[in-house]
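Peer 1: As annotated in Swiss-Prot:
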BINDING   Arg50, Leu51, His52, Ser53, Glu54, Glu92, Gly93, Arg94, Thr114, Thr149, Lys154  GTP binding site
BINDING   Cys55, Cys66, Cys68  Zn(2+) binding site
ACT_SITE  Asp126  active site, proton acceptor
ACT_SITE  Arg128  active site, nucleophile
Amino acid sequence: MKRLEVSNQAKLPTQFGEFCIQCFREKGSNGSKEHLVVFTPNFSQNPLVRLHSECLTGDALGSQKCDCGGALQIALERISKEGGLVIYLRQEGRGIGLFNKVNAYALQDKGYDTIQANEMIGFKDDERDYSIAGEILEYYGIKKMRLLTNNPKKIAALEKYAEVTRESLIVCANEHNQGYLEVKKLKMGHLL
């Protein structure tokens, strides 16, 4: 592993079943870039994989502004039944960080969409880097996977490391995230 330090594995009992967890720390980051993999003990040669970027507001607080928390819940439920892993990347706010994400949220509250808000505070629509996920896939020896995503950038990034078959991820829209999902589809090319 060129850029990563790897932790021990530990058990993680959840509402969806028993998982294992393992942490990957980017070397030289002083612990600020630690990524988590949540996986079933014995996944197949063609596992179900969810590449999920951290979303504190959606994953932990249940925000209805995005579809992140729902996507993570669906992924964990499916993976517990079908076998596979969630690669949980610490790339809050599509890579802009929590502080900047809250500032972008404030602009969204004023009527700007998610892309406009990011651009107004000096960022691209998506600042994430998925190369770390490729190294994690290599660590587990994954050469073929069923990727649970609607994001074509994730598919393209992981095809550099493994054979990818996309499986769509259906998260219900609500009154708070309907516009956000439309922007993801129309401006970001998500396969919704």
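Glycine residues also receive a Cβ, built from the backbone N, Cα and C atoms like all the rest.
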Peer 1: Pull out the recorded positions from the set His52, Glu54, Thr114, Asp126, Arg128, Lys154 whose C-alpha sits within 10 Å of the C-alpha of Cys68 (Zn(2+) binding site).
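Peer 2: Final answer, ordered: His52, Glu54.
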Peer 1: C-alpha of His52 (GTP binding site) to C-alpha of Cys66 (Zn(2+) binding site): distance in Å?
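Peer 2: Cα of His52 (GTP binding site) to Cα of Cys66 (Zn(2+) binding site) measures 13 Å after rounding.
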Peer 1: Report, in whole Å, the straight Cα-to-Cα distance of Cys66 (Zn(2+) binding site) from Arg50 (GTP binding site).
Peer 2: 17
Peer 1: Give the sequence-ordered set of same-chain residues, not counting Cys55, Cys66, Cys68, with Cβ within 8 Å of the centre of the Cβ atoms defining the Zn(2+) site.
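Peer 2: Filtered neighbour residues, in order: Thr57, Gly58, Asp59, Ser63, Lys65, Asp67, Gly69, Ala71.
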Peer 1: State the Cα to Cα distance, in Å, between Lys154 (GTP binding site) and the residue listed as 'active site, nucleophile', rounded to an integer.
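Peer 2: Per the Cα atoms, Lys154 (GTP binding site) and the residue listed as 'active site, nucleophile' stand 10 Å apart.
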Peer 1: DSSP secondary structure for Arg50 (GTP binding site), reduced to helix/strand/coil, please.
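Peer 2: In three-state terms, Arg50 (GTP binding site) counts as strand.
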Peer 1: Between Glu54 (GTP binding site) and the residue listed as 'active site, nucleophile', what C-alpha distance do you get in Å?
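Peer 2: Glu54 (GTP binding site) to the residue listed as 'active site, nucleophile', Cα-Cα distance: 11 Å.
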Peer 1: Any idea which of the recorded positions Arg50, His52, Arg128, Lys154 has the thinnest Cβ neighbourhood at 10 Å?
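Peer 2: Comparing Cβ neighbour counts within 10 Å for the recorded positions Arg50, His52, Arg128, Lys154 gives Arg128.
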Peer 1: C-alpha of Cys55 (Zn(2+) binding site) to C-alpha of Thr114 (GTP binding site): distance in Å?
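Peer 2: Rounded to a whole number, the Cα-Cα distance is 14 Å.
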Peer 1: Have a look at the binding-site residues (Cys55, Cys66, Cys68) and report the one with the fewest Cβ neighbours inside 10 Å.
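Peer 2: If we count Cβ atoms within 10 Å for the binding-site residues Cys55, Cys66, Cys68, the smallest count is at Cys68.
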Peer 1: Based on DSSP, name the secondary structure state of Cys66 (Zn(2+) binding site): helix, strand or coil.
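Peer 2: DSSP assigns Cys66 (Zn(2+) binding site) to coil.
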